[in-house]
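One structure, as structure tokens, below. Some questions next.
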Amino acid sequence: MSSFPTVLVIGAGLAGSEAAWQIAQAGVPVRLIEMRPIKHSPAHYSSECAELVCSNSFGALSSDRAAGLLKEELRRLGSIVIRTADSHAVPAGGALAVNRASFSASLTKELSAHPHITIERQEQEHLPDEGQITVLATGPLTSELLAENLRTFTGRSECHFFDAASPIIEGESIDLTLAFRASRYDKGDADYMNCPMDKGQYLAFREALLNAEQAELKEFDKESAKFFEGCLPIEELARRGEDTMRYGPLKPIGLWDPRWGDLNDRDVRRSKRAYAVVQLRKEDLEGRLWNLVGFQTNLKWSEQKRVLKMIPGLHQAEFVRFGVMHRNTFSKPRSYLNQPCSSANDPTSSLLDRSPAQRDIPLQ
């Protein structure tokens, strides 16, 4: 029997799973509350802990980049999330990407086996009574009842934005006579699938995106729809200007198909280089599944099939998951949190962020 009071961690996403593990590793008992599969969010597909809803990439690996340095620090601090990600990594050039299914399944198994962690599958509808040491890590997809309770607790109105996920297709349906494998600037192995476009193909694709039907938002969301600027739907990028996509996720720089000729020949390079390139990243080691990088979208599923098949090499694409958009709830912590992230109303309650700096954050 532990002499420490039990800590309540609400939410078994990335932040909640890490918090529960670190607390338990210190010998403190933890109740980890997760509402799935009793109640699912609009974007989750499984009941596993730390399910990756959007990208399967954790960003740069190299420690000369800020994201890579942060991961190395977490590694040295014994992070279960980073350790599990390393164990389930898939080739992704200079990035740490994972097989999202085996990653979350493995992490769930470790959490379930920890002697100091009890996982309870139920919806937490309100904050616990004052005095209960609590970590709130429910993330941007916090259930409505708990979000309403938090608004009452903080005295702050709800803030929200819209986020989206990218489609995933079967690798065997990619036409390799048009697509090619390469990593940008030839860094590391040829881990990405690349679908090059000439100017005419790019402009036609953009026009199709602009005219495609989108999934309907609820009436109360239409007037206040805001997007997360770090993860904009591809159709929103298309709306922002003719060249926005090709200076963003479709940028062609650093990508060359050897079939085009000698990259060092200036005339060949000028005549053959792509106007834009769509990249796909592996979802598993075998390359059975690939996700379209930067292609989070709110298009209707039928429109996704029609428009995305215009991409050279994807004309026979078989979709295993379509892109979806969902409403994210976030908090403005500066107005009601002390350092480090404890509530001014109840110092025994804390909110966790996935990011290294405290700012306007999802409830995670």
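Just so you know, the numbers here start at 1 and follow the chain as drawn.
For all residues, glycine too, the Cβ spot is worked out from N, Cα and C.
What Swiss-Prot records for this protein is below:
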- Gly11, Ala12, Gly13, Leu14, Ala15, Gly16: FAD binding site (BINDING)
- 335-352: compositional bias 'Polar residues' (COMPBIAS)
- 335-364: region 'Disordered' (REGION)
Please list, in sequence order, the residues in the chain of Ala12 (FAD binding site) that are at least six apart in sequence and whose C-beta is under 8 Å away from its C-beta.
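Counting only residues 6 or more apart in sequence, the Cβ neighbours of Ala12 (FAD binding site) under 8 Å are Ala20, Leu32, Ile33, Glu34, Cys49, Ala50, Leu111, Ile119.
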Quick one: give me the count of other CB atoms within 10 A of the CB of Gly11 (FAD binding site).
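Its Cβ shell of radius 10 Å holds 28 other Cβ atoms.
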Considering the binding-site residues Leu14, Ala15, which residue's Cβ sits among the greatest number of other Cβ atoms within 10 Å?
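Result of the Cβ crowding comparison: Ala15.
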With every protein chain in view, what's the tally of Cβ atoms within 10 Å of the Cβ of Gly16 (FAD binding site), excluding that atom itself?
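26, counting other Cβ atoms within 10 Å of Gly16 (FAD binding site).
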Could you tell me which three-state DSSP class Gly13 (FAD binding site) falls into?
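The three-state answer is coil.
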